[in-house]
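> The following feature annotations were taken from Swiss-Prot:
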type	residues	note
REGION	171-245	region 'N7-methyltransferase activity'
REGION	246-428	region '2'-O-methyltransferase activity'
REGION	429-555	region 'N7-methyltransferase activity'
REGION	556-692	region 'GTase/RTPase activity'
REGION	693-835	region '2'-5'-phosphodiesterase activity'
ACT_SITE	718	active site, for 2'-5'-phosphodiesterase activity
ACT_SITE	720	active site, for 2'-5'-phosphodiesterase activity
ACT_SITE	797	active site, for 2'-5'-phosphodiesterase activity
ACT_SITE	799	active site, for 2'-5'-phosphodiesterase activity
């Protein structure tokens, strides 16, 4: 949902939009809670409170102040990610298709012939890093830029088996127009940038597990971050290959040679970062014009020095000349060298050209060895061709996508590699590598071992759920890693499947109860965003590709109502109750009936079950930003930090009742996952709360009324307001609590409206209006370790007779309290009080 804050109402009516006017009788937290549970996507918030907007944004719900109609129109028609700290709106708006254009934020694409293969009459637009160049389109009171681009489709095309780009991009545009927006992918780049800047400033050692190409710009400015990936393809790994011949295959209609060069250099750069944790000088020989340097400089202040007879406009220092082996002495330590020398074929015949290529390959390799033979802190990436070669066994092979697969590949070496054992590699083996291997990632660092790191902050986004990881080891890492942000795939199957298929792999599935964490926040993507200064206009949908975000070591853990809080907890319930169910009271009715409470009069205002816990369980697929386990734990230890709101602390027994209702719901829905989740949450409640039951009571609290509107034959009809199992020495403690609650007890609006047979020969009258106070009293006794209440649900009633009687219904009648007392069962009254 998105909340657009206005000072005045607007005349225009918008689809899927609701107006909420700030309620001055409620505080900011209560207003935020009410807004978050509205069911429409767009909320126009009138007479708004800035504090309420802050609360919503911290909860991951985008809430933006609107000053002009243009702002309203722009934000209401598309989704966005909002940086509420720096007041920047990142639109995810593809309406630019109506201008017959596709967009890119990679400058090199604009220097290709891609426009020859676009849809007729279409053009390509460059919009800068995260759409930064579009800011001029929006003259708003907040910074605004459109971060939506088609780079995902362009890159997918490059790695696909499709050659016809026009057909491919047409299909992708149609897909985008007919399926829900993958907003997490769009928003993720904004999130990653913010996340790692924050972590690097707060932690001296940060580890990142499983980065992919979409992060290749994110980490350019963070050389200290240790990366773990799937490891490199080494020269020695070619021993498994059979020999093949030249294949020759076109991968792309438009020229992607610059993209290949960029990937080669960035792969080399991240190898350098992995070894030396600082920024090097980047030397490049050949590969002009290297327009992609402009893209790199949008993210980092890396320095480039280049050699090529052709211009390289974005180089910091360009030498418009050839580079020779003798020039290696000009290169400094703490650097990387990219050697991409290859002359044009022009009119040379094949044999002559092949001889030139092999000579240049040998020359390139000689330059690389000479560069690595002296000095320190050096890594080299060199252009090679398939030919009989001796190569260091530990050198890394690269074959990033290029326009045509021919005979070229690349080799990365560091100083140690260059001096390592060499192995003869036949030309046919190298052709086999080229023909069958595409390097898919610029991150080729070693795989992560699932073990706790003592002094590091571990980030593992979408990296650990794969079933090639041992599931128990993943759980152990989450439980024991002190500082971390780890994601795992949430189990939102209905059959409690332990793993699910995704693309061509399988992922383990998890529930929050799979982890034993006491100082970690377990939330959703949008819940996590709120903790890093971001919010989003479109909440996660239960697509099957959803993840739990687990934050360990965060200073926000105790701020229960500020982050990963109960905002939107009833939203799915409201959507169902007011559109699909038998009655808008269905949830209240079901919760009472499933706990054998058949008095449904006033069930919507006097319910014996925690609605928060019930909704968090049965609708967890729709809203798991609310960290239920943390909410339970902090209340059980009395450590919850509550900033505001009409906050009601549930008695532990109300939580138990909610689990039982959710379990009943799951059985009716044949939802095995909710069934397990409900059982495990109930077990967790029993673990963190020391709940004892007065199933063999020796005292009870009684309430005698001045008027009973029914016939009765018991000596003193009364309401048993709970039973206790206590020693006589604890009586003063019980009395002290009763005295503390005196005013609230006598203020109860107690009513009755019918009689019924509680069981055979037990004739009783119903009592309404006491449950809220009963559970508050329960909590007070629990905190003093006084056993109060039974394991079965408390159903307030007045016993009228121990014989079978005819049921009577009357109008709702108020019962006036005469006095309240504490009495020993089969004994004397030890305390009483009157108003």
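Note that Cβ sites are derived from N, Cα and C of the backbone, with glycine treated the same way.
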> I'd like the per-state residue tally for the region 'GTase/RTPase activity' (556-692) from DSSP, helix first, then strand, then coil.
67 helix, 2 strand, 68 coil
> Quick check for the class: what is the C-alpha distance, in angstrom and rounded, between residue 799 (active site, for 2'-5'-phosphodiesterase activity) and residue 720 (active site, for 2'-5'-phosphodiesterase activity)?
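Between the alpha carbons of residue 799 (active site, for 2'-5'-phosphodiesterase activity) and residue 720 (active site, for 2'-5'-phosphodiesterase activity) there are 9 Å.
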> May I ask for the distance between residue 797 (active site, for 2'-5'-phosphodiesterase activity) and residue 718 (active site, for 2'-5'-phosphodiesterase activity), taken between their Cα atoms and rounded to an integer number of Å?
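Just about 8 Å between their Cα atoms.
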> What are the non-local neighbours of residue 720 (active site, for 2'-5'-phosphodiesterase activity), defined as same-chain residues 6+ apart in sequence with CB under 8 A from its CB?
700, 701, 702
> Reported in the order helix, strand, coil, what are the DSSP residue counts of the region '2'-5'-phosphodiesterase activity' (693-835)?
31 helix, 54 strand, 58 coil
> If you count Cβ atoms within 10 Å of the Cβ of residue 718 (active site, for 2'-5'-phosphodiesterase activity), leaving out that atom itself, what do you get?
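Neighbour count, Cβ to Cβ under the 10 Å cut-off: 21.
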> Could you give the mean pLDDT over the region 'GTase/RTPase activity' (556-692), rounded to a whole number?
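So the average pLDDT across the region 'GTase/RTPase activity' (556-692) works out to 87.
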> Could you give me three numbers for the region 'N7-methyltransferase activity' (429-555), the DSSP helix, strand and coil residue counts?
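In the region 'N7-methyltransferase activity' (429-555), the DSSP-based counts are 27 helix, 34 strand, 66 coil.
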